[in-house]
Amino acid sequence: MKDGFRQSMAWLHTWSGLLLGWLLFAVFLTGTVAYFRQEVTAWMQPELHGSVADAGTAERAVERMGRIAPDAAQWTIALPGERTPAVSVSWRPADAKPNDRAALKRATLDAGTGEVLEPRETAGGNFLYRFHFELYGMPRETARWIIGIATMAMLVAIVSGIITHRRIFKDFFTFRPEKSPLRSWMDGHVAAAVLALPFHLMITYSGLLLFMTMLMPWAVDLAYDGNRQTYFAESGFRRAAPAPRPAPQAAPLTPVAPLLAEAERQWADRGGVGTITVTNPGRANATIELRPAAADSIGRGGGGTERLLFDGVTGRTLEVPPTDPQPGAMATGNYLMGLHLARFAGPGMRWLFFVSGVAGTVMVGSGLILWVVKRRSQRSRADNRADGPEPFGHRLADRLNIGVVAGLPLAVAAFFWANRLLPAGLEERAGWEIGVFFLAWAAALLHAPLRPSRRGWAEQLWAGAALFALLPVLNAATAAGHLGNSLPAGNWLLAGFDLTALAAGLLLGFAARKVGRNAFSRKAASAPVLPAGAVAEELT
Amino acid sequence: MILSSLCIAYAGFLALALAMDRHHEQILARRPSARASRLLGWVGWAVLALSLPPAIVAWGWAIGLPAWLGLLTVAAAALALLLPYAPRAALRLGPAAVVCAPLLAFLA
Amino acid sequence: MTTLPSRMKAGLAGADGRRRLDVASRCLAGIGGGYALAAVAAMFLALALPLALAMPRAEAVYTATMLSFAIHAGAIVWAFSVRARRVWPGLLVPALLLGGGTWLLHGLQQGAPS
């Protein structure tokens, strides 16, 4: 009876993981990169690499805004920091409706001079971030439903996987790369799953919560008779109150330096000032709001709730309207979603999330490969016909594995290459970058069935390894912010990208070499390493 | 503080691995006695628990707890990768981590 | 392609078609029936929590919706872990009970002056 139950769970684990596994792999991979989406975007805009912040950056930016958009209703100035080299500014024209994000105008300023920069148009890290929950080229809601369903499959796979693999602590450190492919893939899969299990549970459940009103609208619609706005207002997800209309009488803006000094003093351990919002600049009712660079809470929205508010004409400190405390349930949900989004995370924390995300990617990828490896080993044991034709389903899964597990990293690398090789002034440039990404991925998916399995794996892994490992070289050839400059200058924003690309290339190269040797060979798969009963017991 | 938490966690996982027959053999080429195994197990869990306070001191509960779990992932992954390729190094890193942990805490 | 667990095969020995039917039935029960159960449970909790624990309405809705995903996942896992004849009744009976409770609570609220 007990074994029957575990076998059912193993079956559920296998199929819930497999059917949406290729999509989940893409979600995990792009989502993991998205932890560094600002850094990725920064790398993809070499025009900004010369921008270096100094003590006068904020003041210069405010002064520049007074010339770019003197009549705007509001300026928002995001100062450079560890994750962005330049100043990003946006402003709302006086005639635009409040809360109309599409009406916002944007520009990028050099942190050192305040000059307006014209960076190349790029899809940036934002493309990978959006892709991981909205895919591309389909209606947003449809895509979100597909991702939501895949996320639920992931949750089911995690729960049934935990039940199947009950000896979680016993096999904690078991990784035996020298054993049969079946054993070592199994070890790798379990290790990646178990070592980061809290992360996997958090990221999956909070992924569902991020779509909760779309996926499960029934409670809201019943309790509020379909009036969701009331619900959002009562839950504290209220949008900020619209800014007051500009006063008719003009008044010069107070010097910002003393306000900034005050904020820097208060937020010494918070990375200083992060954003400056000036409402009704140049009018008698102007206000200046400052927020710290580092968040003070995990909750959604980032930046926390702490801020300083000043009268924009006199420079006097104004009282910040208190924010409503969050009820327990919302605080719990927001905490989980905040962890998922990781907007609060400093560099150390961000790397921990990244490593856990890599573990998740490895978990999904190794699970997909395990499905094929296990069936090969079963087949060769069952009828000694290891040379007979492989069933269509197994071949299909194997080729999809090649095109996704090896092909997607290759496509991501191609995306970065496109960023540097496409002419900077190209029309629809961001669209072309995305086009190259999908072309490379499609080529990988088409290449896979045309080659023998092992060859296909090795070729695509080598291609991905080369593309990633040569990214620092490409960077050196096309921009000034290469490792030779970024490392001596301690510019970890750029050096971090190059070094991570190099590491990804080495890892893929390592995998490619292993594939070339034995990992997928039928000979190795057919070698009897475990008694048949043990395999069935353990790996159903 | 963060690195010191990581070092303590590694030492804890190493003790836990040494408490298991398979890994004990992998590292020291002999099986542990039942008593040694039990003792190492207790020490391992206790040391793992000790790796939590530095993370909480550095980051507070809200961020420190998930950060600690992330550090555990990194420490255990390092050990799992070292065991098959360099078991002796995995063992030698243990005392080194124990020595480094308080030093790193003082430096921070 | 895959060896199905023995329990699912019980009584269906050799009948490949019926085995597939069993799997399809469990999938439908877990995914569709499980979603229905989760939705009804969320609606019931959204109305019952304010009465039982004096929770504010928005918080009750939020809590109920947050829990509903665990209920759905649990229902899917459950649909694959019990004997075939218990799958549908086991999901539908609680769904109907919760549905009845929701209908009663909703009726009470509509009747009461707010």
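The backbone N, Cα and C atoms fix where each Cβ goes, glycine too.
TrEMBL lists A:12-36 (among others) with the feature transmembrane segment.
Annotation source TrEMBL lists transmembrane segment at A:145-169 (among others).
Annotated transmembrane segment per TrEMBL: A:190-212 (among others), in sequence order. Beyond its flanks by at least six residues, the transmembrane segment (A:190-212) meets 31, 133, 144, 147-148, 151-152, 154-155, 158, 161-162, 165, 168, 171-175, 333, 336-337, 339-340, 353, 355-357, 359-360, 362-363, 366 of its own chain at Cβ-Cβ distances under 8 Å.
Annotation comment: TrEMBL describes A:351-373 (among others) as transmembrane segment. Sequence-remote contacts of a segment are chain residues at least 6 beyond its ends whose Cβ falls under 8 Å from one of its Cβ atoms, and for the transmembrane segment (A:351-373) they are 14, 17-18, 21-22, 24-25, 28-29, 31-32, 35-36, 157, 181-182, 185-186, 188-189, 192-193, 195-196, 199-200, 203, 342, 345, 394, 397-398, 400-401, 404-405, 520, 525, 539.
Same-chain neighbours of the transmembrane segment (A:400-418): 22, 25-26, 29-30, 33, 43-44, 123, 127-128, 365, 368-369, 372, 432-434, 436-441, 444-448, 453, 456-457, 460-461, 463-464, 467-468, 471, 474, 501, 504, 508, counting only residues six or more beyond its ends whose CB sits under 8 Å from a CB of the stretch. Annotation comment: TrEMBL describes A:400-418 (among others) as transmembrane segment.
Annotation source TrEMBL lists transmembrane segment at A:430-449 (among others). Taking Cβ pairs closer than 8 Å, the transmembrane segment (A:430-449) reaches residues 121-124, 127, 136, 395, 399-400, 402-404, 406-408, 410-412, 414-415, 417-419, 422, 456, 459-460 in its own chain, all 6 or more past its ends.
Per TrEMBL, transmembrane segment is recorded for A:461-480 (among others).
TrEMBL lists A:492-512 (among others) with the feature transmembrane segment.
Listed as Cβ neighbours of the transmembrane segment (A:461-480) (distance under 8 Å, sequence separation of 6 or more from its ends, same chain) are residues 43, 46, 49-50, 406, 409-410, 413-414, 416-417, 420-421, 494, 498-499, 501-502, 504-509, 511-512, 515.
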